[in-house]
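Annotated domain 'CARD' per TrEMBL: 3-92, in sequence order. The feature repeat 'WD' is assigned by TrEMBL to 657-698, 746-787, 880-921, 1004-1045, 1045-1089, 1090-1131, 1132-1173.
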Amino acid sequence: MALEEGARSCLLRFRHRLEQDIKPSYLMDHMISDGVLSVNEEERIMNQPTRKDQAVALLELLLRKDNRGYISFYNALIKEAYNDLANLLHYDLPQTLPGAYKSSSDGCTSYVQTVLSEGGVPQRPVVFVSRPEFVNRVREKLYRLQKEPGWVTVFGMAGSGKSVLAAEAVRHHGLIEECFPGGIHWLSIGQLDKPDLMVKIQSLCFRLEQSLDSPSLHRPPNSLDEAKERLRYLTLRRYPRSLLILDDIWDSTVLKAFDIHCRILLTTRNRSLADSVSGAKYEVEVESGLDEKKGLEILALYTNTKLHGLPEEARSIVKECKGSPLVVSLIGALLKEKPNRWRYYLNQLQQKQFKRIRKSSSYDYDALDQAMDASIEVLPDEHRELYKDLSVLEKDIKVPAKVLSVLWDRETEQVEDILEEFVNKSLLFVDSNNKPYLYYLHDLQLDFLVEQNCTQLESLHSKVVHQYQQHYRDGPPTSGDEECLYWIRFLTHHMAKANLSQELYSLMFSLDWVSIKAQIMGPAHLINDYVEYGPILDKENSEVRSQFQEFLSLNGHQLEQRPFPDVVQLALSQPQTSEVYRQALLQAQGRASTGKLYFDWLNKSSVENLSRLVIHPHQGSIYSACFSHDGAKIASSGASKTLKVFKSTSGEKLTEIQAHDDEVLCCAFSPDDRLLATCSSDRKVKVWNVERSMLLRVFEEEHEEQVNHCQFTNTTQRVLLATCSNDKFLNVKLWNLNKPSSQNTMFGHFEPVNHCCFSPDDTYLSTSSNDGTVKLFQVSSANEWKTINVRNMFAESDEEVLVKCSTWTADGKHIICAARNAALVFDVETSDMLLEIRTNRLSTVQYCHACSTSNLLAIAFSNYAVELWDLEANKKMADCSGHLSWVQRVQFSPDGSQLLSCSDDQTVRLWETNKVHTSSAVCLKRDSDVLFYDEEIIVSAADNCNRLQVRDGRTGSVLFQSEEKSSRIRCTCMCRQPSAVALGQEDGTVQVLEVPSGKILATLLGHTKTVLHCRFSHNGQTLITSSEDTTIRVWRWQSGECKVLQGHKEQVRCFSLLYTLPVDTRLLSWSFDGTVKMWDLESGEKMQDIQAHRGAILSCHVSPDGCLFATTSADKTAKLWQCESWQFVHTLSGHQDCVRSCRFSWDSQCLATGDDNGEIRLWSVKDGSLLRICSRDGKDGMDSLHGGWVTDLHFSPDNSLLVSTGGYVKWWDVEKGEALQTFFPTGTALKRIHVSADFSTFVTIDSIGILYILERVV
């Protein structure tokens, strides 16, 4: 049968809306279970590349389906809470059979009312809310009884509304006329013994016989068998094609009395009852929950109130009723009599005082708990005790049978049989889509169990912990299956509930547990545990609790990487006084004895950890992050097109929404935190219900270009949403969420508007634009109040001034604007500029935000920094360093105690505003030199203030610091005898300074461009420098005498001395010009010159035996050459990117090369063959194999180990090519690593200027 024309045109009419909003995967599950969609069809649709393409394919398929397909799609929309879309399709619902129903109501004629009242079918309850998706499903099954007898079982838990739905399903003219012209007869059964059952059947037979034209003169039947035969005769001969409805069946023996080959609809809590009878069988499960809207409708009808007039407690009452029609109706009936008791009944529900919620006359049960009790009473005693154990489960948590087999100490198969009995009696639910099956309780069942067993809960939780400890004596499960997940997630919960504090301490203060749980569940769950059980743990040791919590908060983004990092190595970076470090060191020492590599960060005490929490919520740049108004949640969005909400204490993900078809540029909470707005490059603005992750509104017609920013009003009095876009004219809009189109458009800007922001009292809206102005509009009238011309403040420059954003001070008197490299403070009344915070950096201000509780201003920069300024004192208060890319957004928490920042580096960082300060801002540049001497480690490097520092590596103490230099320091090298340090600058100047006095020993002028590399000769008398000016200079620095080595055509980034002791006479140099040259240092003559590569040469190394040298190039190859003859030996091909670094092994037999894709290859020097590629395990899907270019390589003296630097430091087993250990610095992009002669100490500096002295743990 083809799809009705009305239904077809309806689908075509609303096709665009449906394609935009539906998630096909969710809807198709329901349609497959309805039998209107095949698994192959689903697979074809899911193969489409995007969600929208899938939606298009599903609608194409629907248009080729029949009426049942349309009805199934409509029901699926309702189930998945797309109520607004279902409403669009409702009017054109096709008739499943000629003359069948259009909707629940239009079939209810006077004929229907007569038939139903004659058959004893209950009237609709006084308060009735339609549930069309369930009614339609029951009717569809009843239509299947048209041609042959059979059973339709409507099953569900107590209070789910089965009886009302059964009565409603038959309240339909077409159904009765076509399928049950013999009438419909209702029998309420309940828990009956045999004599009572016989009385019920006798009275039914009597009623049927009275309705006949010639009533029977038979005596009443005397036995159950006789009653059964009489009923069989009546239904087959006198009332063919009638329907018998048996309401509330508990026992299969009762059902057998009606096994008489007729048409029966039964309601029950036990889905397996019909297994005991013969004939065709159909089932409809009544899910227990009404949605919020239906629940509110019931309360509104009982209390005779309009929906919008219900008090605020109404929503909470529906929530506490867990969607149960029975409980909502009980409360409604009570409120009808006592309309002022909303708060009282809400409290009763919240305190689970079910016994006090006394019956209303329309129900058979004295109170809700008796309804539950009745179901449990029919269980065998032993099973009743086992059911009690389920009181310890958490709400909405599904458990596999294996968890309960540990708890009950039984075979899994035995446990599955017991659980099946519970499921069949509607005492438990099963998720059979999962393998193995997962079992769970409805919230009401759990509430009932908890109340029933409240005095035994502690001992029940103790039993769980005890059974777990017995079963897992040798250590926790690590399989990652559903059972393992349950124990890893909830063991701490059971310990806390059982009051087993000692067990909880020893578990949570253990690095082993941290490692296992972080690997299986991720770090957010763990952080959450330390927050949730903090009060218990603090009684034992609050300091240790905070140490573990801090370790997880700052390393959470690393613990989310795959392959999973070594937790012991991460923990070795914790402060020396931390319990986390103490445990890690013990474990590292133990494992080191078996050959495992670990490295202790010696100078970590000189580095302060400033961020409180680091979260890695998205793949790709994060453009927006914001606190909820209660400070408990953070929302973030970005290039991944998703919106995420997580806890601000732990980073635990609460919600993830695939929000838009393009990058999500901004997200914002409503003032009551119930809603979230998002805007995107796809030109749409969307509003979401946070709790239910549900789309409430889409504004897609009015903005024609990308929408850059969205913001709600600050107060709840009148909630409006402001948006701004790249549109030429209509670029700022105000939206009232109850209206489909914008309430107002603000005119004035003729260039894109980047940001909009309400004043603290919502009187004004400030807008920041590429036209160089900030405009203030009156919110009530949408009229422009004034323009602040920011462009004029940069009059000295011809470049355009783009105003990125604006922020208001708490008193609403000042507004701060971000433009170019400055934040400018203006007086709102006079438009005068009061203060200018300008950075001398080359970076731009990306964003700024003023704290609502203090004078602090946070500024985000494109150079990865975040700064805090005191506006009153006009003084920088803090540097927050840690981001590895542009910082896009900063925001203070509502109480001002925290600051969040989000960045293109894919992280959101939280900072405690009272803990960050400027002393943390001193950092070193990566061009450095290191001297290892006995136990001493001396490091020289420039700092971020362009001063040269010489530090003691072990203690971090500064041995010497020069004054600030006018030209940037680009390289440095040290000499032990005499004790001196040299530095090369961007302007070509070279200086030699005495250490530690700082006295200038020599200033060497000659280079005309940046000095890129410098090195003292062995005896310290000669200094060699190379430069961007293509020359190398050899200085007798004490006399100023200089030889110039000329010949390269491009910059010379590096060179190498060929050691022929006692004097260094030859020098090897290489350049971006692709040549390698050898020079005689005495004469300055060029000895050799070859064109080695077509591309720039990036590195060169001479073998320790002096026979060969290797070159690597941007042409993706490495080459081997003879030192004496300069003959070419081998080309080493295979790298897929520039070959950045190379190093010979100490025995000169092996060469390691590293490329810009992070790959390291090991080659045989003898024949140039590839020996192996070091393990390709990436850090994550977005990363190169080494977190960046491989910039440096070193072999251990015995050639068994290799260390490499890139985004992080890695140590490798040369024989196997496997990574043995990884050290993750705070920053990234390490340029080189200095290694001690015994391969025990390693020194490097990261991109944010942190110095690392790493020593192997023995």
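The backbone N, Cα and C atoms fix where each Cβ goes, and this holds for glycine too.
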Checking distant contacts: for the repeat 'WD' (880-921), what same-chain residues at least six beyond its ends satisfy Cβ-Cβ under 8 A?
557, 608, 610-627, 629-631, 634, 636, 638, 648, 846-854, 856, 858-862, 864-868, 944, 1182, 1226-1228, 1247-1249
Lying 6 or more residues past either end of the repeat 'WD' (1090-1131) yet within Cβ distance under 8 Å of it, the residues of that chain are 1050, 1054, 1056, 1058, 1060, 1068, 1070-1078, 1137-1144, 1146-1148, 1151, 1153, 1155, 1163, 1165, 1167-1168
In the repeat 'WD' (1045-1089), how many residues does DSSP call helix, how many strand, and how many coil?
0 helix, 26 strand, 19 coil
Structural state census, the repeat 'WD' (1132-1173) (DSSP three-state)
0 helix, 22 strand, 20 coil
Segment-level pLDDT (mean, integer) for the domain 'CARD' (3-92)
84
Who are the long-range neighbours of the repeat 'WD' (657-698) in its own chain, taking Cβ under 8 Å and residues 6 or more past its ends?
20-21, 23, 50-52, 81, 623-630, 633, 635-645, 704-716, 719, 721, 723, 725, 735, 737
